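Reviewing the structure listed below.
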Amino acid sequence: MASEFKKKAFWRAVIAEFLAMILFVFISIGAALGFNFPIEEKANQTVGRSQDIVKVSLAFGISIATMAQSVGHVSGAHLNPAVTLGCLLSCQISILKAVMYIIAQCLGAVVATAILSGITSGLENNSLGLNGLSPGVSAGQGLGVEILVTFQLVLCVVAVTDRRRHDVSGSVPLAIGLSVALGHLIAIDYTGCGMNPARSFGSAVLTKNFTYHWIFWVGPMIGGAAAAIIYDFILAPRTSDLTDRMKVWTNGQVEEYELDGDDNTRVEMKPK
């Protein structure tokens, strides 16, 4: 673990997560700010709200796809603690790198939200993209929504980035971006769609409002962990040997292996 800490590539990856997170949050939350959703649901207002939801969803999805294409080769472009946790559990990164990524993501989100706070200071009712529960949505329901939308995102990420596969066609960043957009189309009306604890953290810090903030950490982390475990142990199994996993978690990324067609085969993992 100490040897990885000294590598330049390690710090380049952490810096890439920080900078890409700033751009992602600035673009996506910036697209959402200024939309004053009406209280009364008249016909023309409902159409306007639907259009705004599509705008925000596309902004989140396209910005993630853009950042993934830009820095994916440097850091993997996680840009989400839930994705980082999923990659950790599927033995794609070490524990040290996961911790540093999450710190970088949270700091990047705070910086981006602070920039937006200055730029949009003249907006009325400026929530800075703060996540919260819609009227009539309970904490348990909101938690369930966050778990499910993050589950589909992390399942997509670990599946399309599985280096043992050779059947992935098309653009991987685009697939992940569409998954992010899909999650927002589903969840915006219920929770504002967190699906990303760091993104939610930035807004909560700048607005000093942590009401129900735990939902936007617990939900995505449960969803991300569940997706990685189900993919890694059921859908496309690797080794179940804890010793091998511990070596990867302490020494870094694993080598590439072929995904055997036999459902009963476990793929051995070794640290580089």
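Note that Cβ sites are derived from N, Cα and C of the backbone, with glycine treated the same way.
Feature annotations, courtesy of Swiss-Prot:
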CARBOHYD  Asn44  N-linked glycosylation site
CARBOHYD  Asn125  N-linked glycosylation site
CARBOHYD  Asn209  N-linked glycosylation site
SITE      Cys193  site 'Hg(2+)-sensitive residue'
TOPO_DOM  1-17  topological domain 'Cytoplasmic'
TOPO_DOM  36-52  topological domain 'Extracellular'
TOPO_DOM  72-97  topological domain 'Cytoplasmic'
TOPO_DOM  120-139  topological domain 'Extracellular'
TOPO_DOM  161-168  topological domain 'Cytoplasmic'
TOPO_DOM  189-214  topological domain 'Extracellular'
TOPO_DOM  237-272  topological domain 'Cytoplasmic'
TRANSMEM  18-35  transmembrane segment
TRANSMEM  53-71  transmembrane segment
TRANSMEM  98-119  transmembrane segment
TRANSMEM  140-160  transmembrane segment
TRANSMEM  169-188  transmembrane segment
TRANSMEM  215-236  transmembrane segment
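Long-range Cβ contacts of the transmembrane segment (98-119) within its own chain (Cβ-Cβ under 8 Å, at least 6 residues beyond either end) map to 10, 13-15, 17-26, 29-30, 33, 75, 78-81, 84-85, 87-88, 126, 128-129, 197-199, 201-203, 205-206. Stretch with the largest number of CB pairs closer than 8 A to the transmembrane segment (169-188), among 18-35, 53-71, 140-160, 215-236: 53-71. The topological domain 'Cytoplasmic' (1-17): residue composition by secondary structure is 14 helix, 0 strand, 3 coil, according to DSSP. Within its own chain, the topological domain 'Extracellular' (189-214) is flanked in space by residues 21, 24-25, 28-29, 53, 60, 79-82, 102, 105-106, 108-114, 117, 127-134, 137, 139, 141-142, 145-146, 149-150, 153, 180, 183, 220-221, which lie at least six positions past its ends and keep a Cβ under 8 Å from the stretch.
Sequence-distant contacts of the transmembrane segment (53-71) (same chain, at least 6 residues past either end, Cβ-Cβ under 8 Å): 16-17, 19-20, 23-24, 27-28, 30-32, 35, 77, 79, 171-174, 176-182, 184-185, 188-189, 193.
Beyond its flanks by at least six residues, the transmembrane segment (140-160) meets 80, 82-83, 86-87, 90, 92, 133, 168, 172, 175-176, 179-180, 182-183, 186-187, 190-191, 193-195, 212, 215-216, 218-224, 226-228, 230-232, 235-236 of its own chain at Cβ-Cβ distances under 8 Å. As a summary of secondary structure, the topological domain 'Extracellular' (189-214) carries 14 helix, 0 strand, 12 coil according to DSSP. As a whole-number mean, the pLDDT of the topological domain 'Cytoplasmic' (161-168) in this prediction is 83. Here the topological domain 'Extracellular' (120-139) has, by DSSP, the following mix of helix, strand and coil residues: 1 helix, 0 strand, 19 coil.
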